[in-house]
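The next block holds one structure in the form of structure tokens; read it before the comments.
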């Protein structure tokens, strides 16, 4: 196990010569047997232990009693430990359990048998680009998992990165620092906090969210590549000033052979404005992985070898400064005694003459020196105030207006409103609500919070919660028998989408008008759902069959099986045999519509009339009789026709002839 699990100023026990300790052999909570001291640090002692229930080796971190002398500490400690225990991830040191021991508290953790990244850097000075990027990618994976749970580390640095025997980096002391930080500030004369990796927003405003972890990781990446920190000084205030007022220099300024892609990565991680950094740890990991895929192998395997030693400030003598958002589970810390009002400050007043080289003004920016000094003294005042509180007055300032008054916005999404309200009010936060529709969150549960999860706000601040009203629905409008374009406009106006538009024939609905809707009109459906339409093409046309010359029964059968109606009539016809169709009212092969009526004219054959008997009649009478019967008369006189009497007729009387035919009479 690495001594980093206790604090890097710790004294590590020798397994072969176990250090005598009062807890050696003690059984905690009836389960965890203390075996030996592994390390002692400024805030805790770490023991190697055995979980007798599961028969596994564990690390047991016992906090020093002076950190646990407030009534609220244990409650906060247990809450934070439970939160961290939810982080089960290959890149995070797992917290198994927590409990109380006499006047203090302890945590049971995964036992990591390997060095810290600080140990690696002390031995190797620098890493290759590939090694540094691979470590950064894996650490970002762990940070991303924690940030999704609303947990921020607040103290990312080499001491808190443990290297397992298989080379896997594991992030240690995740999230527990905040509780210890508050206890330290309220109850002791000593305040701690690593300043070498501190983000500008922590120095300036005491804020720390997920973006702060990315800044600290960017500083650590710079250190892995260059073998030193971008800012260093003998006094913490100078380092804090540099973080707050200067951009992190590109690594290539120290190592010109580094590619510009590395400069861009460090710049995106370490932007002074959190809004200019990567949006999430996952988005940063994607860029790192892309570099691992695209940078030439010859570049990736190169590292800086001409490094005398890791800088003092980055190893054994790290400079520390108090800030509540900075976790105090620091492995290497310097105790800063809080001065009284009359005691001299523990560091010399800062002027341009004694600033570190990378924090001092240059000739090129001399015109800005006055403005920078004013800002510097403002930051200095903040840091001095952080060191000035003591006793009850210091505790009041810390919890009422200082960093101790900060509250971290928890993960509330998909939580019932009553539960979310209870959690926020328990943390002295006000709740404001507004209702919104949500496709994913059930009604009555939290959709979003502002500020977002992981943000830190002053106690008493208002947190705005968006509460789900469920899925927004709209009614399908009544647009049956409406022109299709108007119907589409009405559907869109109702907040719905026009879906498929199909056409079909209709005997009742005019062409280009809506026949039906799916879903039906009046149905309530999800806001972005589609409404399908069936639109009329008008009446369907059918070809009229050719029935002329067909026998009547055959023609009638065809019409019975068609979509048409029909009527029949009869007439004499000299040319069409009786019983056959002479004509039809709608010409063959013309278009007609369903139920249109077709009249068939059926032939009765020729119109034959019986020739009247005219033998022996006088011509006048015979002519009249034939004409009355519908015939024409032609007269032939025999022997001059002196008597005017009909001798014969052709055709003869009693025979049939066509109406209108000519009957020839022969008279004598």
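Including glycine, each Cβ sits where the backbone N, Cα and C put it.
Curation plays no part in TrEMBL annotations; they are all automatic predictions.
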Given ranges 253-281, 282-310, 311-339, 340-368, the stretch to which TrEMBL attaches the annotation region 'Disordered':
340-368
Looking at 184-207, 208-231, 376-399, 400-423, which one does TrEMBL call transmembrane segment?
376-399
For the domain 'Protein kinase' (32-292): best-contacting stretch of 402-469, 538-604, 605-668, by Cβ pairs under 8 Å:
402-469
List the helix, strand and coil residue totals of the domain 'PASTA' (470-537) as derived from DSSP.
10 helix, 28 strand, 30 coil
Per DSSP, what is the residue count of the domain 'PASTA' (605-668) in each of helix, strand and coil?
13 helix, 25 strand, 26 coil
